[in-house]
Amino acid sequence: MVDLKVDMGRGLVLANPVMPASGTFAEGLAKVVDLNGLGALVTKTITAELRGGNPTPRVAEVGNGMLNSIGIPSKGIDQFLDEALPFYRRFSSPLIVSISAPTVDDFGRAAARLNVEGIAGIEANISCPNIEEDGKAFAMRPQTTEQAVSAMRKVTDLPLWAKLTPNTGDIASVARAAEAAGADGLVVANTILAMTIDIETMRPTLGNVMGGLSGPAVKPIALRMTYQCARAVDIPVIGCGGIASAEDAVEFLLAGARAVQVGTATFTRPGTMDEVIAGITEYCRRKGFNAVAELGAALNADMLAPDVMEAAQ
Amino acid sequence: MRQIDNADVTPGSGGFAAQVADTVARVVSNDWVNAEYKLIVLDAPGLAASAEAGQFFNIECPVVGEDKPFFRRPMSTYAADPETGRVEFLYKVAGAGTRGLASLISGGTTRILGPLGVGFTLPDDVRSIVVLGRGVGLATLAPLAEMARDRGVAVTAIVSARGPEQILSVERFRAAGAKVEIVLDSDGTSAMTNVEAILRRLHAEGRADGFYTCGSNRLMLLMQKLAAELDVFGEVAMEQQMACGLGMCFCCVRNFTVEGETISKRVCWDGPVFALSEATSW
Ligand SMILES: Cc1cc2nc3c(=O)[nH]c(=O)nc-3n(C[C@H](O)[C@H](O)[C@H](O)COP(=O)(O)OP(=O)(O)OC[C@H]3O[C@@H](n4cnc5c(N)ncnc54)[C@H](O)[C@@H]3O)c2cc1C
Ligand SMILES: Cc1cc2nc3c(=O)[nH]c(=O)nc-3n(C[C@H](O)[C@H](O)[C@H](O)COP(=O)(O)O)c2cc1C
Ligand code: FES
């Protein structure tokens, strides 16, 4: 029997290291997959304010991946607590609520409202625009990351994960800032800002012009960032980006991730997370690991000088 | 459908009963029905074959050469029979995804996720219906004619097409006992004024307690106007680009008018069949 449990700190232990990525999971998956089998459930990002989301087309196919400009349509925190939370409480998997906000103070206010039974943790989507800083994402810079995470840490004792953006020059510094401000974990990472143009209509393919790239196409970048962050901090890192198979997930675990999130792959294969859990177990068996948690220290990378890798940026 | 046995890693999975299956379906046949459309017949027993009229599937389309469809493609159930385990789709070969689908040969397999979405409803007091469709919309409406027949509801199908070669599903409608009226661009009978006259006549004759439409914005707007004026129950099946088909990604939204307010709904989750009165022009 392979021990799949992973300790995420602050008392949160997951039955296995596999969970959905925010915005790629909702109630509908419960019709196809047994949600009790997942390590955790992570909601679509919610905001305190009501938001409408972006114009259509909101998605486009690109090579081996997709672009999205869904935005964060949100019916607000009250609606979430009244309607969505009771649904998720029916499942045994811990519920992580993803939140976002336009200012540092709003992050604090949103986090404070989630000290509610049935919520096991907070994932702060700090990859969103900070309206006090010219719309630059909080997680683009260490200082704004630190401010947002501190504001939440002051008001909550729940496990608090910061979800980082790959759209930054120095993700290791951002990771350290989040850790210093009291984050219990890091999700690495969100989508990569991108665009496509339809050369026949000569228009951007997305209604919003730019969007986020996800899916297998981003995996090597997300993996590299996971590796850099895992080396930079002591808190758990949750790898995310392009994971579509158990092999992909194992790469992230070997790169130092304590757990993984599966996003886009669930759209094309709704059973992916089940397959990833089964495949990780099989891999551990085959390689003689008794516990999935052992993978984090198993990478043979002594030959690599991390500084050289950072310098290559 | 759970493809893998992971009982040892999913405590508590004992009581799980899927409502939607990702079925590995085997191709029975995949033939052209006219110059643009193919009919694919799949062996897909279990949940898939229980699909109801108006529900759809999200279909994995093979990669062929330069065509690399990343998302699945949504297709309405053209037929589903729980007894034979057969599921059929009538589709227009349009772009990368449907070209891939067209490449499947009998004996091959592909995954179909479904049944998805909310199908058509036939309220008890609706005793006769008119289905009005064009193009792929007719594929969506065909199973509704059979559902109506099974409930003893009379059906008139108005089939709109560019010309005689593009007429679809007429045999299906006739076999379901529907009266069929064909209107064409080529002889001018598909003009809105003529279609409106037909609808008004059917209503006057007591053959239209329910209006159902799919496949044309103009026909939808016409039916919507008449349904409001004549106080007729109505539904419309909508299309929108989709990724997940399960209500998770919010890419398939459209605007609807509900009690005077504009509301965004997910076509895959809240629909694809909606109250005709709530639809807005697309
Ligand atoms: C609920 C539903 C039921 C449908 N039922 C049928 C059916 O029974 N028969 C049939 O022929 N077609 C049906 N369609 C339309 C069908 O999904 C599209 O024709 C198909 O996705 C085109 O894919 P493509 O790669 O060939 O074309 P491309 O134009 O290359 O597709 C590019 C992208 O746009 C999307 N797209 C293009 N046209 C449509 C469209 N009309 N609706 C939604 N997405 C679109 C594709 O899915 C893809 O993501 C249905 C659509 C929906 C939403
Ligand atoms: C349609 C879509 C919606 C998303 N919405 C959110 C969101 O609301 N909040 C968030 O933090 N990330 C969101 N993401 C990003 C994913 O959680 C994930 O970080 C990213 O897609 C990379 O993982 P993947 O390649 O496995 O999809 C979204 C991604 C997609 C494709
Ligand atoms: S297709 Fe994903 S929400 Fe409708």
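Glycine is treated like the rest: Cβ placed from N, Cα and C.
Now, the feature entries from TrEMBL:
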DOMAIN    B:20-122  domain 'FAD-binding FR-type'
BINDING   B:ARG73, B:PRO74, B:MET75, B:SER76, B:GLY97, B:THR98  FAD binding site
BINDING   B:CYS244, B:CYS249, B:CYS252, B:CYS268  [2Fe-2S] cluster binding site
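Overlay of TrEMBL feature records on the structure.
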residue	record	CB count, 10 Å
B:ARG73	FAD binding site	22
B:PRO74	FAD binding site	24
B:MET75	FAD binding site	25
B:SER76	FAD binding site	28
B:GLY97	FAD binding site	24
B:THR98	FAD binding site	21
B:CYS244	[2Fe-2S] cluster binding site	29
B:CYS249	[2Fe-2S] cluster binding site	29
B:CYS252	[2Fe-2S] cluster binding site	26
B:CYS268	[2Fe-2S] cluster binding site	28
> Can you list which of the binding-site residues B:ARG73, B:PRO74, B:MET75, B:SER76, B:GLY97, B:THR98 have their Cβ under 6 Å from some atom of ligand 3?
Replying inline: none
>> With CB distance below 8 Å as the criterion, list the binding-site residues among B:PRO74, B:MET75, B:THR98, B:CYS244 that sit near chain A.
In response: B:CYS244
> In the domain 'FAD-binding FR-type' (B:20-122), how many residues does DSSP call helix, how many strand, and how many coil?
Replying inline: 11 helix, 48 strand, 44 coil
>> As a check: which entries in B:ARG73, B:PRO74, B:MET75, B:SER76, B:GLY97, B:CYS249, the binding-site residues, place their Cβ less than 6 Å from an atom of ligand 1?
In response: B:ARG73, B:PRO74, B:MET75, B:SER76, B:GLY97
> If you measure from the Cα of B:ARG73 (FAD binding site), which of the binding-site residues B:CYS244, B:CYS249, B:CYS252, B:CYS268 is the nearest?
Replying inline: B:CYS244
> For the FAD site given as B:ARG73, B:PRO74, B:MET75, B:SER76, B:GLY97, B:THR98, which other residues of the same chain have their Cβ within 8 Å of the site's Cβ centre?
Replying inline: B:ASN58, B:ILE59, B:CYS61, B:ARG72, B:PHE89, B:TYR91, B:LEU101
>> Whole-number answer please: how many Å between the C-alpha atoms of B:CYS244 ([2Fe-2S] cluster binding site) and B:PRO74 (FAD binding site)?
In response: 9
> About how far apart, in whole Å, are the alpha carbons (Cα) of B:PRO74 (FAD binding site) and B:CYS249 ([2Fe-2S] cluster binding site)?
Replying inline: 14
